[in-house]
Structures are given as structure tokens and as C-alpha cells.
Amino acid sequence: MSSLSRELVFLILQFLDEEKFKETVHKLEQESGFFFNMKYFEDEVHNGNWDEVEKYLSGFTKVDDNRYSMKIFFEIRKQKYLEALDKHDRPKAVEILVKDLKVFSTFNEELFKEITQLLTLENFRENEQLSKYGDTKSARSIMLVELKKLIEANPLFRDKLQFPTLRNSRLRTLINQSLNWQHQLCKNPRPNPDIKTLFVDHSCGPPNGARAPSPVNNPLLGGIPKAGGFPPLGAHGPFQPTASPVQTPLAGWMSSPSSVPHPAVSAGAIALGGPSISAALKHPRTPPTALDYPSAESEHVSKRTRPMGIADEVSLGVSMLPMSFPGQAHGHSPAFKAPDDLPKTVARTLTQGSSPMSMDFHPIKQTLLLVGTNVGDIGLWEVGSRERLVQKTFKVWDISKCSMPLQAALVKEPVVSVNRVIWSPDGSLFGVAYSRHIVQLYSYHGGEDMRQHLEIDAHVGGVNDISFSTPNKQLCVITCGDDKTIKVWDAATGVKRHTFEGHEAPVYSICPHYKENIQFIFSTALDGKIKAWLYDNMGSRVDYDAPGRWCTTMAYSADGTRLFSCGTSKDGESYIVEWNESEGAVKRTYQGFHKRSLGVVQFDTTKNRYLAAGDDFSIKFWDMDNVQLLTAIDGDGGLQASPRIRFNKEGSLLAVSGNENVIKVMANSDGLRLLHTFENVSSESSKPAISSLAAAAAAAATSAGLTDRPANVVSIQGMNGDSRNMVDVKPVITEEPNDKSKIWKLTEVSEPSQCRSLRLPENLRVAKISRLIFTNSGNAILALASNAIHLLWKWQRNDRNATGKATASLPPQQWQPASGILMTNDAAENNPEEAVPCFALSKNDSYVMSASGGKISLFNMMTFKTMATFMPPPPAATFLAFHPQDNNIIAIGMDDSTIQIYNVRVDEVKSKLKGHSKRITGLAFSNVLNVLVSSGADAQLCVWNTDGWEKQRSKVLPLPQGRPNTAPSDTRVQFHQDQAHFLVVHETQLAIYETTKLECMKQWPVRESSAPITHATFSCDSQLVYASFMDATICVFSSANLRLRCRVNPSAYLPASLSNSNVHPLVIAAHPQEPNMFAVGLSDGGVHIFEPVESEGKWGVAPPAENGSASGAAAAPSVGASASDQPQR
């Protein structure tokens, strides 16, 4: 349907509403699918008119369109089902279950079984997840809040939630204008025309007397517009002119729009309990067609309900009112005052030393700025502390490997400029494209620690752009250059994967992207051609002309749904446009550029809402939905004519290049708060090692008010195989400032008063705790004892504990269902105490998979019932880990040294991995690198690719001299929050490894005469490492350098009667949201939870930098070195 036809529907909707055709107006809304009336929807939900609710929704989406739609329908049908149960109308509940809810069993069979089980309960509130269900009215209100978020997030509803701003009776007004025009064209116009029908054009009858006066001054008709006052007929004709169709539109080769989640709400998954409970939803589908009218995100300031009355306009039969003119954007307000969320305040001024050519903020650590300059320098700035961490000048790493043309070019012109710098998606690498042939890749390990990774002689001539992408889940580097080609390189090895040829001019820029499972690359050349490529060496799929036909760059909005380009012609005319991907045509062109730009204009996007460009010595901003310039700021003056600009990920900071080699960092209020956290931090504290990046991201999210926004969250794979999302981790400052005039001292906790510790109540005595974990919600602890029994403690929400989270200040209850049954594993037949216990918890805390030498059992955490058992020994399972993307896939380590990749749904072993020589003792997935890391009693580490399950590399853990490699000892692994490094725990050492090269970055060895390590784990933010020892000591290390910062002695938590016994921690677990909370499971069957005293709030202070090296595997002191500069255990 054309744009004008669509607008006509809106006019009819307004007319029907004004005329009180209530049923008809909502029917037209539903049938046209143009406007979703949220007020009407809310009323129907509140009234429980479920059939009408679903019928109305059906005009906009179907249940299986995408994950948002699926959850919308599920929440509605679940509410209908619960209301039937609440009324004890079992037949109705069964009917709803079979007819309405059965469809969801395909995507989550376990959840459907849970829902079905509610029929067996006298009151469904006996189910823990539904225990807080109130009355029907309040339940509908709570559900409606979630439904509104899902609808606003659903791309199918985009541009359908806001009724256009119209004056009253707009349709009548247009008809009046038409009649006036017809009357003016009458040969013999009468003074008081009698309009009796709209079915035919108006025409006055022949005159019976003198000619009537012109209707120009007729008060009934109003003024007639002068000639030229009306827009050309083509502008308002029934068919608007459109761009000529391209031969191969994007819709013909590209899948539907990206399914990137809305930043303000997680589509999450359908779940039994409240909407916040996450359960992995399988096989999500996305809308089948591209959207024609994307609009701003839900936070857009202009969102409002349909206006139904404007007092300044009165309908007077046939009246004349102002009309819109060509070029006006329909439905968009004019430019308005710059919103507060734009970074407009100059917060930092950095002097680089040479002119910045390209800048990029770290994707996780929001204040880390990478800069490339016109003389080939690379600078790395911690913007918060104003400190330049690294400055590197251009240098070819290995001239002997360079091509002869490059060597000749360097001799002829040794000065090389940086054309582009860019971080990899996880911030572990960055790439530099130079004006001479080569790209260089560095690996980044925090602080000043950047290392040479790859140098590639990529193109003949300049390398004009560089980017990262992950085709086939393998990180690649994409480059383009003066030789008219685009090339794809393996980011790990530097091997060339693809070369795309077809441009007839030097390739200026690239923009890789994906939609669904389709990976592609846009490229632009200096002749103005835009092409698109799949990773198949089959040639370009499209061929467009960019406005300006010269230097053009392209970028998507942050959510991946809208495509923009910015270009400058050879004559200095600049353009920013939005593209309609499905048609390959320009959708809108933004206005406000200087007539002759002095240089090539650079641009960027932020928050799915704003565009920014450097032009005319200023930064200009546009709202994505309004072609008029929003505002322009000059950064207090001193900017370049066409300044380089770059937003950080959250849009709270904006780096801008200025004159005299200056970089100005603009900030909004959130950015200022973020920078303020660094102002009093010493230079050492602003040099985080590998542990600090994720925590800084959490701090940035909190500063930006984005704690409810789960964008780009990585998972931490726990020691027990549970995959946790670290959305709610409390932010902490990386390290504390160190006064170097004072002597640092290790924090010793020796008295109960020096920490908060609590031994959990014991209703059931067990011999020893073998496995321990906090639930993902953070309000319970689950333990597995050596006698195969599970113990569960839960904290209750009350006046003293408003959140209901775990705390050492209040004792929890050891929980059991009313049935009194225990979760007991199938035990080994011979000696269960000698079995190797293991368990893994599902992401939504609903299920635990566990084994104690016998069959693997799947338990329902709410009822403690055994859902299934499988894989009887031999061999016995020794470690379990859920796949981070699919809870139906489990990696199972066995005591015969194999790893079995098992699909629970089809009850089938998909792969069997062989690489160890003794039993498997640790498994951890990285969902960024798509690898599985395994460890065994043979002290060997293996890295497996999760796509084909091939072994990529392996390494034997170096053991202290004199210790035989044949001595069996558990080796555990756990991924750091950055998903690129992992912790290795062995009784002889702690170590941090980099995954891709399996290289030891840090190590803390145990002195030969000291007690061995029993277990260790990262804190939830990966800033700390908690380790327990055989002598009952618990140590807290800074993960940045594995240096001891706090020691908890046995006397602080064990009674005197046990202090001299052999009671000690066997396992240790970190709270999923509180970085300074951990728990230990003891050899006497007890469980203790620990927190620092409230006055301190943290476990000790990190040692000063000069007490240890910043990097290197040998940096940590040996425990046996009594003369070491750091106190030993």
C-alpha cells in the first residue's frame, strides 16, 4: 500500500473515532494493521476479553512471528489458564491447555509439562513461581506492564504505536478544501453553493442573473489559495513517484530484519512464573518480511496517544485550512531543542601529539579510547583519568615478509597515516588500517598490555577501512583498499578466506552486518558505487549509487534494523540518508549540511535514535525520524572543519577531533557521572588487567541508567557448569587508589568480628559437601553432599531482607517441598563416598542435572521430583556443563577421559571427544569464542571448537618440580567475564590463561610446604578470585595479577573445637550478583556464607603495582619465597 493510501486510513480512523463508530474503528485498526491502539488493548485486557484481545493482536502479529510475539501470546494464554484454575473450572482449564497452550510445547516441552502439572494442585499457588500470584485484577495489571514492554520492543509494532498528529476533523477539512477548489473552477460560481453530494464533483448551475461574487471573500468558504500556493499535483496524487527499482533488491537475497533484542526489554522466553523468569526459548522466528516504516525506539520523546481534540480549529461546513507542502516529513515534528541525553558538555580535552584520523571506544570498557593519527601513531587513552596508557609509532614488524611494492613504497614515502582503528566485538583485539598496504592487529590484555598479534600485507596501495565480523561463527578481519578489492582474513591466523572483486574504483569503506543467519558486507567505492557481498565468492549482489558519488560510509543503527550512509561529493556537498533495504532506495535525506563541506564528513549513530556528523567546525545532530537538523554544537570552539567523531557504546560520551592535535570528549549527564568515578583514582587503578573490562561495563551501564537493559551481556561459565548472565552484577571500581607513601599491608581476617560469616542451618546431617552453587536468582544456595543428597537453602523476603537475596546477616531456611522428598542421586553401587559428584543448574533455576557416580538425574527444583535419568555407568559422569545457547545440549565429562556431547531432547550422544588420559574434572564454554575448554585429572587443558567439536589445541599444566605427572588431582576451569580468558585451578597453583593461544598470562604457585588448594572461583564480576585451602584458610586474590589481597583464617569462622581438626573447605562458590559474597562447603557437611564487614564493603586492598610485575606467567611470587615483597600464606 502506498504512503498516501496509508495516510488515508489514518484519516478514516480519526473520522470514525470522532463519529463514535467505536467497534468499526477498532476493526479497521486490526484489519489495516497500521495503528495499534494501546488504550483499547489495555481496556480489553483489564476486562478479561481474551478472545477479542487475541483477535485484535492477530491484525498485527501471529504467535510464531518472532520471540516477542510468542511471549505476548503466551503471557495472555497463561493468564487465561490461571484464571480458569483459580475459579476451579477444570474443564475450561484443560480446554485452554490443549487448544491454546499446546502450541508452545514445541518450543519448550519442559515448561508445558510444568503448566500441565498445575492441574494436579488444589491451588496453583503451591507452585513456588506462582506463590505470589494475587487476585485476578492485580495479576492482569502486572501482566499488562510486561505486555506493553514486549509490544514496544517488537519490531512488528514499530511505527504502529503512535497515531499521527492531526488537527481535528482532518478528513472533513480536506474535503472542504477540495470543494472550495471545485467551486473556484465553476464557470458560474454562486455566492451560496448548495453542496448536496460528494459522489460527483461540485458544479454550480448556469446563472439566472448577474455573476456571483468570487468565493475568495466568502466567509462560508474561506480564502481560496493563490496560484502557486498548492503543491504540484504529483506530490499528492494517488501514486507517489518512487525510485526506480534495482535489478536485485536486497529483499531478494537477504533474510528478514535482525532479531537483535530491544535494549529496554528482553524477549526472554515464555516462563511459568512472572515475566522476569528466563527460560530458553527454542527456535525463535523473526518477521517474514522487512518493515517499511521503522521509527524511533520506544523511548522516543514524541510517543503519545492519538490526539482526539484540538481547540483552535472549528469545522465550518466548507472551510479552507493550511495545507502541507512537498518536502515536509509526514508525521514528524520540526526540529526541537536538543535533548539532555545528547553528549554536549566538553568533559575532557586530550592532546594526542598528531592529528587524529580515526577513533574508537572499547566495546566493554566505555572510557577506553583508541586513536590513530596522520603520522601512523596509535594512542590508547583512559578518558576517565585523562591518562594516555599507550603511545606507539608506526613500525613494520617484519619487513622481510612484506611485498616488494610495500618495501618500495616505504622507501619512497616513509610517512604512513592511519586510516582506521577499530576494536573487535569483545574488545580483546583491535585492528589498524594504514595508508600503505598493511593492517596490524594487536591483542589487548588491559592497561598498557597490548601485544602484536598479526601483521598482514593486505592490499596494493592504501588500506582504506577495516572491520571485524563472525561468518560461520569464526572471527574474521575484513579490509578494503586502493586495489579495488575487499578481503576477508582469519583473525586468529591471518589466513585469507575471501577476496571480493567487482568495484571499478578504490574501495573506500566496508560495513559488515547480518540478518538472521545471513552474513553480508556492504562496500562503497570512490566512484559512488555501493555493492553487497555474501561470503561465497559469487560476486556482488547489488549495485547502487550513493548520494554524492564519492566518499561514502555506511552504518546500521545499534539494533541493526536501520541502514544509513553519509557521503561527500568532490564538490563538497554532503549527504546523510536512510536506506530502504528491501527496495534499495533512499528512504529519507537529512537536511542541514553546510553548502560546501571542507573535507569529507564523518558520521556516527547512537541509541537507535540519533545521527551525528562533523561539519562546518561543529557537530550536528539529527533525530533519525526527522530530516530537519536537531541541533549543532561547537564544543566550545576549536574543532576541525570536518571533525572526526565517535560515540561510545552507550552514547554517553562522544570523542571529537579538534585543532592542534586535540581530542575533545563530550559527555551527557550519564557520561559525566561515569567519568567522575575516575577523577580520584590513581593511574594504577586506571590500568586494569584482564579482569577489569567487564566490571567497567557494569559501571558504565549503571551510570547510564541502563541496569535494566540486557544489551550485549556475556555469560560466565561457572565451575559447576552453570551459565550465568551477569546483568545484575553490582559495579565496583576496578582497584582502589594506593597512597605510595604508605606501606601496603595484607588484610588478615582472624576474628569473627572482622567479617560477616554465617553457618547455614542444618536439618539434615551429611558427611561432606562435594559441590556448591548459588542459584542464578541469588536467593538460594544448592549443595550436593558426598552421600548423593542435595541440600537447598532459601532466603525469604521480609522486613529485614527486602530483596530476598542471600546475605550473611540473616539465616536462610533449609527448604524442602511439602512432600518431604529429597533430591537424591542414583549412587555408585560400590562406594558412593569415592564417586566424583557433579551437577549443573539450568539458567532459570528450575532444573538441576546431577550425578554421583551412577546415572545422571534431572530434578525439578520446585518439587524435587526426578524428571528423568539417563546414561548409566560405566563410564560414570564426572562433570556436567550446559551449552550456553541451548539447554538441551550438555557436555558431559566422563571418568574414562572422554567428553560426550549429549542432546537431552532426542536422547542422543552427538559427539564423543577424546583428548585426555584421565577423568574429566572441568568443562567451561565460551559463547564469544565458540569453544569448550576441558580439564582433566591428567593436568591437561584442551580447547574444542563447538561448531564441529574438533580439538583446536591442548597443553599440559606445568607442575612444580618433584611432583609426578601421574599423581591424580582435579583441575578446574572457569571463564572470565570477558569470555576470552579462563581461570585454571589445581591443588598446586592458580593460573589465568588466554584461550586462543592457550597461553598462561598469570600464575600463583603454592609453596611446596604449604597446604594445597581445594577449590577456587572468580567473583561474579571477575575482579576477584576466591580460593580455599586444605588448612581451612580462604584467600582473596585480585584477578588482575593474581596477587593476594586478603586472607580469612580458620579462626574467623570455625569454632575453637574445630580449629585444630581437619575440617576445611572442599568447594567455594561466588554469588551471581554480589562481587564480595561467597560461600564454602566444608568437609564436615557444613556450609558457610561470607561477606566483608559493612564498614569495609570489600575484601582488603590490592597491593601496589611496584610489588609485582604487570604481566607475565612468572609475575606472581612463589609461596615459598619468604623474602618476597608480598606476604605469603
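For all residues, glycine too, the Cβ spot is worked out from N, Cα and C.
According to TrEMBL, the protein carries these features:
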{"type": "DOMAIN", "residues": "34-92", "note": "domain 'CTLH'"}
{"type": "REPEAT", "residues": "456-499", "note": "repeat 'WD'"}
{"type": "REPEAT", "residues": "591-632", "note": "repeat 'WD'"}
{"type": "REPEAT", "residues": "913-954", "note": "repeat 'WD'"}
{"type": "REGION", "residues": "1098-1129", "note": "region 'Disordered'"}
{"type": "COMPBIAS", "residues": "1102-1129", "note": "compositional bias 'Low complexity'"}
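Helix, strand and coil counts under DSSP for the repeat 'WD' (913-954) come to 0 helix, 25 strand, 17 coil. In terms of DSSP helix, strand and coil, the repeat 'WD' (456-499) has 3 helix, 25 strand, 16 coil.
Across the residues of the repeat 'WD' (913-954), the predicted structure has a mean pLDDT of 92.
A Cβ distance under 8 Å defines the sequence-distant neighbours of the repeat 'WD' (913-954), meaning residues of its chain 6+ beyond its ends; these are 425-426, 472-475, 714-715, 717, 719, 721, 723, 836, 878-881, 883-885, 891, 893-901, 965, 968-975, 978-980, 982, 984-986, 993, 995-998.
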